[in-house]
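Taken verbatim from TrEMBL:
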type: ACT_SITE; residues: H41; note: active site, proton donor
type: BINDING; residues: 34-41, 163-166, V192, 200-203; note: ATP binding site
type: BINDING; residues: Q65; note: beta-alanine binding site
type: BINDING; residues: Q65, Q169; note: (R)-pantoate binding site
Amino acid sequence: MAIKLVTTVAELRKESARLLAEKGGSSQGLVPTMGALHSGHASLARTAVAENDVVVATIFVNPLQFGDAVDLDRYPRTLEADMALLDAEGVDLVFAPDVDEVYPGGQPLVRVTSGPLGEKWEGASRPGHFDGALTVVAKLLHYGLPGGPAADGTTAAYRAYFGQKDAQQLALVKRMVADLNFPVEIVPVPIVRSEDGLALSSRNRFLSDQEREAALVLSRALRLIESRANAHQPLDLDSAVALVDSQPLVELDYFDVVDPTTLEPLAENCKETPFRGEGLAIIAAKVGPVRLIDNIPLDS
Ligand code: PAF
């Protein structure tokens, strides 16, 4: 394996500086993850490798963003397989710290507050989740800064890669970086789906065969909305909701069409009159014991 594993921030900085100098590089990409990697993460890594001279992936299961200790405990830890996947994509360095390295004094007293954007949709059913996620993302973005200058002495470019699957997290990270002036470019990477349409997620492994089949209704309902948007028809959300409700194993939490930046629902008239413009159809549902989210961008 060419990829290298480091567990401390000091080693990360040293290795980043070494790699930039060795490769004569002028850019560094960061791929923050919680491990349990699948093809969706591979796509993040591949995009980062294509666009940067040095690529660092982080693997850290962040206790701050879990409401429930059981969920935290049962979160899959698959470091060896994760390293192999990242190595195959050409990632240079993996930073996999333990909890004490990231939170040396215990849980931080001062945290990033996600504000109203973090309280709706996913935030409504997972109170505190986005504050915890943004707090660790802020730290990871700092850790992942290029450890040295570009080969020509200028500041190395710095980009961080986030999946569009977690649309609310992506919107919040972009907003935090803009509002708090983080020196990093946030690069969104499209959702990866299995052939039958299911959006890849580390939670899919908890679905039974029957639940997995039932879960397909989420992407089917989103596709229905997308096809209406592309045809400039009214989105008729109610009939798409009815499609989801017809599946007994699926308990719908929310399904709406929102502004991609503010995540505010689009005006009712976009749903009832021919759709034009940009939007994001978002859905969340429990399928058996597993909560799934999915979304599809609309642009017509
Ligand atoms: O999307 C994730 O995997 C996590 O929320 C992140 C961004 C790595 C922060 O823990």
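Keep in mind that glycine also has a Cβ here, set from the backbone N, Cα and C atoms.
Distance from the CA of the residue listed as 'beta-alanine binding site' to the CA of L37 (ATP binding site) is 18 Å.
Cα of Q65 (beta-alanine binding site) to Cα of Q164 (ATP binding site): a distance of 18 Å. Highlighted here are the recorded positions (M34, L37, H41, V192, S202) whose C-beta falls below 6 Å from ligand 1: M34, in sequence order. DSSP assigns H41 (active site, proton donor) to a helical segment in the three-state reduction. Proximity note: of the listed binding-site residues (Q164, Q169, V192), V192 have a CA within 10 Å of the CA of the residue listed as 'active site, proton donor', given in sequence order.
In this view, V192 (ATP binding site) is surrounded by 18 other Cβ atoms within 10 Å of its Cβ, with every protein chain counted. V192 (ATP binding site) sits 17 Å from Q169 ((R)-pantoate binding site), taking the C-alpha atoms as the reference points. In this structure, the CA atom of Q169 ((R)-pantoate binding site) is 16 Å away from the CA atom of G40 (ATP binding site).
In the structure shown, across all protein chains, L37 is the one of the binding-site residues M34, L37 with the greatest number of other Cβ atoms within 10 Å.
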